[in-house]
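The next block holds one structure in the form of structure tokens; read it before the comments.
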Amino acid sequence: MKRQILIHPDPRLKQVARPVADLNDELRALADDMLETMYDAPGIGLAAPQVAQGVRLIALDCVKEEGEAPRPLIMFNPEITAASDELSTYEEGCLSIPDQYGEVTRPAEVTVRWIDRDGRERSEDMAGLWATCVQHEIDHLDGKLFIDHLKPLRRQMITRKMQKLKRELARG
Ligand SMILES: [Zn+2]
């Protein structure tokens with residue numbers, strides 16, 4: 001089932017999400033819905049707070065090459081356990097901030113630990129787009145958006161555009 005994606009500004013996007021204590025069918029259903037919502041958007045990552053669920057859960061698939069097999073990842077309680085000194089700058093966007101982009105600098109490689117859909121603990125080194133994306137999504141779990149990495153003026157400009165977009169959407 002597709003879920004509605006919250007648009008910035010929204011107080012629910014600013015909250016720190018709570019860790020998942022027990023994996024249950026409800027949480028697995030939420031994870032599946034998030035993948036469906038993400039692919040439909042289309043996007044390469046989605047965090048539970050973006051669909052108004054304050055739990056530490058993200059979905060991502062950063063395979064971008066045409067014809068390459070999809071690689072959907074569901075991560076409960078994802079954590080960065082190591083990050084490279086080397087940095088990488090990428091022009092990021094966000095499904096909660098449609099059509100707005102900004103350059104964000106983050107560690108180029110990270111090690112991520114998480115609980116998968118079957119409740120197993122996993123760990124993986126990520127680089128390139130995957131590293132950028134997983135850090136962007138984990139930021140969401142801490143109430144942080146990519147525009148929080150931008151200069152205040154640029155952030156305010158984007159926020160005003162989003163307020164205008166939301167007024168237009170509300171009018172229908
Ligand atoms: Zn985002």
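Cβ atoms here come from the backbone N, Cα and C positions, even for glycine.
A TrEMBL annotation is a machine prediction, not a hand-curated record.
Mapped onto three states, the DSSP output places HIS136 (Fe cation binding site) in helix. Neighbour count (other Cβ atoms within 10 Å of the Cβ, all protein chains): 24 for HIS136 (Fe cation binding site). The annotation Fe cation binding site is assigned in TrEMBL to CYS94, HIS136, HIS140.
Around GLU137 (active site), the C-beta neighbours below 8 angstroms that are at least 6 residues distant in the chain are GLY45, LEU46, ALA47, ILE58, LEU60, MET75, PRO78. Residues or ranges marked as active site by TrEMBL: GLU137.
Its Cβ placed at the centre, HIS140 (Fe cation binding site) has 22 other Cβ atoms within 10 Å.
Listed in chain order, the extra residues whose Cβ falls within 8 Å of the Cβ center of the Fe cation site residues CYS94, HIS136, HIS140 are GLY45, ALA47, GLN50, GLU92, LEU95, SER96, GLU137, ASP139, LEU145, PHE146.
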